[in-house]
Structures are given as structure tokens and as C-alpha cells.
Amino acid sequence: MLIVRLRLRRGWTAEEDARLEKLATENRFRHWHRVARQMPGRSHKLCRDRWRDHLARDLYSRAFTAADDAELARQHRRHGGRWKDISRHVHARTTRVLKRRWKELLRKKNGAEKMEASTSPTLQHPLADVLAAGLSSCSLGGGPAGDPRLGSLALGFACMAV
């Protein structure tokens, strides 16, 4: 005989939400193990996720502002890549969200630098102008019947000094 036990998830009640909010506030939104001990049938992960994803969603999912980005940069200079330490100093942001935002800011910065480098003539390869001038003087010599496909490619590089 085979016995299968299914664990059905039960929804959160309004009373549980109110209790979770009270306990989360008392524990400064950090000590989810302590909160879970007082929430029968709920793990610390369930409590934390319920708080972040439902009860305080507007707080945790708000868009980053320039001030948030500046604070993130300041904390990153101070703590390096220790995201847990950084998240303690940046209000209402998880380590995962902060790390994702940091990488996004770096991609934007690197993309802007690449765009600037590609449009800056001083960063262009020194032979680029010489090659461009040489290729503009290329001519296709026609073959016996005047067909350019039968001719030879003559490059005007002979008298260029590089």
C-alpha cells in the first residue's frame, strides 16, 4: 500500500498578515527566524517573502532614484562587493536587488564609454585614416572586353608613406 502525503499551501489570513506586520516591525524587518517562531506553520522564508512580496510590495519594488543610485555607489565604495553589508545601509533593498542594480549601472556606464570611444576621433586607430585614403584611390581595371569582373584590383598604396 502506497501512502502519498500532499502538503497543501494554505493562504494567509488577514489576522496572520496583521500579526506578521507587527512582528516584522518589532524585529526591524531583519530577524525572520524570530518572526517565524511566533507564526505557527510558517517558515522564516515564507514570512519574509510574504512581507516583501505582498505587505510591503510598494516599498520594495519602487523604482531606483538618482539618490538611491548615489547611495548605492557610496556604500559600494565603502564595503566593496559585500552585498549583505551594503543592504544593511540601504533602506528597503535586498542584496539581490542591489547587486542587480549595480550590474545594471555598470553596464550603462560601460555602454556609454563604448559609445564615446567609437565616436571619438582621438581614440581611432592611427592607420584608419591612411587605409581609408588608400581605399578611396582603388580602381578596377577592366578586362579585355571592358568587364570589371575580369580586371585586376589596383591599389594606390605604392607611393604612400606609413
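The backbone N, Cα and C atoms fix where each Cβ goes, glycine too.
Bear in mind that TrEMBL entries carry predicted annotations, made automatically and left uncurated.
Record features (TrEMBL):
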type	residues	note
DOMAIN	9-55	domain 'Myb-like'
DOMAIN	12-59	domain 'HTH myb-type'
DOMAIN	56-106	domain 'Myb-like'
DOMAIN	62-110	domain 'HTH myb-type'
Exercise for review: Would you mind splitting the domain 'HTH myb-type' (62-110) into helix, strand and coil residue counts from DSSP?
Suggested key: 37 helix, 0 strand, 12 coil
Review point. When the domain 'Myb-like' (9-55) is classified with DSSP, how many of its residues are helical, how many are strand and how many are coil?
Key: 31 helix, 0 strand, 16 coil
